[in-house]
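Worksheet for the structure shown next.
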Amino acid sequence: MNTNWARLFHTIEKKERLIIGLMSGTSLDGLDIALCNISGSGAATKVKVKNFKTVPYSNAFKAEVKAIFSRKDADLQMVCLMNEKIGLIHAEMILKVIESWGLKPEDVDLIASHGQTIFHAPASLHKLSDYPNGTLQIGDGDHIAVKTGVVTICDFRQKHIAAGGEGAPLAVYGDYLLFSEKGEDRVMLNIGGIANFTYLPGDNDAAKVFSTDVGPGNTLMDQFVQHHYEGLYFDQNATIAKAGVVSAALLKELMQSDFLTAQFPKTTGPELFNLKYLKAAQERSKTSSLNNEDIMTTLCSFTAQVIVDAIEKCFGDNQKPSIYMSGGGMHNPLLVKQLKEGLPNARFYTTEDLQINPDAKEAVLFAVLANETLTGTAINFGDRAGVPSICMGKICLPF
Ligand SMILES: Nc1ncnc2c1ncn2[C@@H]1O[C@H](COP(=O)(O)OP(=O)(O)OP(=O)(O)O)[C@@H](O)[C@H]1O
Ligand SMILES: CC(=O)N[C@H]1[C@@H]2OC[C@@H](O2)[C@@H](O)[C@@H]1O[C@H](C)C(=O)O
């Protein structure tokens, strides 16, 4: 037998697997690396996060990724080369981090790599009638497997599209397994570049759960700061946004998007929510001369309003959902204040309250998905296009 397979069978039979989950999201801030001990599969999955680190991208590397990120005019040669380069750089980051944790690559059973999304094009966004939903994550898994010597599972999103989904959000596949709780209506709210949530009703009915993007998380605020404040990457602790006032006229126009009124589940990205989107809303609302602080305050309110509206759609007036936050946006005090004011019936927590570091949550998700690739059977979510019942991921072997 090919020794790769012998190793894989051994991994499958182990009681506990040491899996590295990787996520590098739309904020392009760095690579999240979560070292997870995972036992069981399906509803019996148990995860312990043993270690976590975000390895920041250098400014030069950020610029290289940005040059091909969510741009229709990206240079095809650079897309090709960055596919290899991102794989190699991620592998180097993993090797350094596991060494700093006192581990050798052979101690690790699997790497689960999300890759870098460089374009997300659900049909609702590209509107080309002869084309399916599309999404592209690069940072080739074979490069990671060969350089680290660890079996790598990658490219999770294509199966989702092949089976009728939009390729995102995949959070439901991990959230349902790890966080469903009978008797508690839960919302797992991740505020990354794009905000999304998983709805986990207290009756634990798999046929009702879903996850959906809701609109911008930090992406519009981040893009605005990066464009207008040299040297700043984001509005730390909302210092800029706290100094302004909301423009009701701009906020009203920002809320005018077909995406925001479309049914759940749905997905989006910076391909829609970008500075062009803001400029168009400013032109329509005649607020083009607004100062930067007021724009940032308004963008923060827009982000909060979109999340509040989406969560309200899932619950009646008498329900008191528990919202478990994760992602960088939960560190933005103004955004969180506005969410709490907008959803007075809800109880707010973070995934820390469920023993998962909120900054690590998405990387952990991919470790769980890789565990399912090897040991799971597809969860039955019923016959729903947006939540296909599948296991995902492609297996890359080190030799
Ligand atoms: N202290 C803070 N104050 C304000 N905003 C913060 C703070 N810390 C993090 N953020 C926001 O969180 C962002 C990073 O979020 P995160 O790492 O969850 O994004 P991501 O994983 O790239 O996103 P996605 O989930 O869309 O893939 C930063 O760019 C910033 O906007
Ligand atoms: C195409 C893509 O990379 N989408 C990401 C992005 O970041 C947040 C949101 O947009 C979500 O849809 C998704 O990631 C998470 C991990 C998901 O699939 O659940």
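In case you wondered, yes, glycine gets a Cβ from its N, Cα and C as well.
Source: prediction; values computed, not measured.
Quick look at what TrEMBL lists:
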BINDING   Gly25, Thr26, Ser27, Leu28, Asp29, Gly30, Leu31, Asp32  ATP binding site
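In the three-state DSSP reading, Asp29 (ATP binding site) counts as coil.
Those residues of the chain, other than Gly25, Thr26, Ser27, Leu28, Asp29, Gly30, Leu31, Asp32, with a C-beta within 8 angstroms of the mean position of the ATP site C-beta atoms are Met23, Ser24, Thr54, Tyr57, Gly192, Gly193. Among the binding-site residues Gly25, Thr26, Ser27, Gly30, Leu31, residues whose Cβ is positioned under 6 Å from ligand 1 are identified as Gly25, Thr26, Ser27.
Among the binding-site residues listed (Thr26, Ser27, Asp32), Thr26 have a CB atom closer than 6 Å to some atom of ligand 2, in sequence order. Looking at Asp29, Asp32, the binding-site residues in this record, the fewest other C-beta atoms within 10 angstroms of the C-beta turn up around Asp29. Ranking the binding-site residues Gly25, Gly30 by the number of CB atoms within 10 A of their own CB puts Gly25 at the top. For the binding-site residues Leu28, Leu31, the ranking by surrounding Cβ atoms (within 10 Å, all protein chains) places Leu31 first.
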